[in-house]
Amino acid sequence: MQQLLTKEGFLLTSLDDLMRWARSGSLWPMTFGLACCAVEMMQCASSRYDLDRFGAGLFRPSPRQSDVMIVAGTLCNKMAPALRKVYDQMAEPRWVISMGSCANGGGYYHYAYSVVRGCDRIVPVDVYVPGCPPTAEALFYGIMQLRNKIRYRNIFDRKDA
């Protein structure tokens with residue numbers, strides 16, 4: 001039946017597959033730039049790298065308008081409640097990219113008393129981008145991994161922290 005309809009020019013899919021495809025192609029990121037990794041993240045939106053090719057070029061100013069939070073840099077204990085508050089203001093479905101060694105696990109400041117040893121202790125992280133600071137290409141790879149995760153996994157199975 002599907003081959004017959006495909007030959008006639010029809011496309012068979014489920015509504016879930018269509019929604020996953022649409023969400024993966026139109027990510028609206030919000031920056032949570034805390035340190036030097038934010039400079040590399042800003043570079044991604046420039047004309048040399050053109051993040052808009054992946055449907056994620058325009059950074060949103062409000063958490064209510066975005067569905068991807070990119071945490072870039074060192075997260076301090078005083079900033080952790082603000083990060084969680086901004087995350088809670090985002091509409092479902094929402095995703096988090098942890099960018100850089102400091103956001104992933106504390107990085108260079110891992111043993112400092114005022115540093116959170118990874119933003120995954122505050123918000124659930126979907127993709128980790130390694131590096132100090134990670135290059136623009138590494139962030140692109142992380143965004144592509146997030147797109148694949150959105151497209152091929154059920155997004156409502158995740159339990160938030």
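Placed from the backbone N, Cα and C atoms, the Cβ positions cover glycine too.
Summary of the site annotation: Swiss-Prot records [4Fe-4S] cluster binding at Cys36, Cys37, Cys132. Screening the candidates Cys76, Cys102 against this entry identifies Cys102 as the one listed for that site.
Taking the centroid of the Cβ atoms of Cys36, Cys37, Cys102, Cys132 as the [4Fe-4S] cluster site, the other same-chain residues with Cβ within 8 Å of it are Ala35, Ala72, Gly73, Thr74, Met99, Gly100, Ser101, Ala103, Gly107, Gly131, Pro133, Pro134. Here the binding-site residues are Cys36, Cys102, and the one ringed by the most other CB atoms within 10 angstroms is Cys102. The secondary structure of Cys132 ([4Fe-4S] cluster binding site), as reduced to three states from DSSP, is coil rather than helix or strand. Cβ contacts within 10 Å of Cys37 ([4Fe-4S] cluster binding site), excluding its own Cβ and spanning all protein chains shown: 27.
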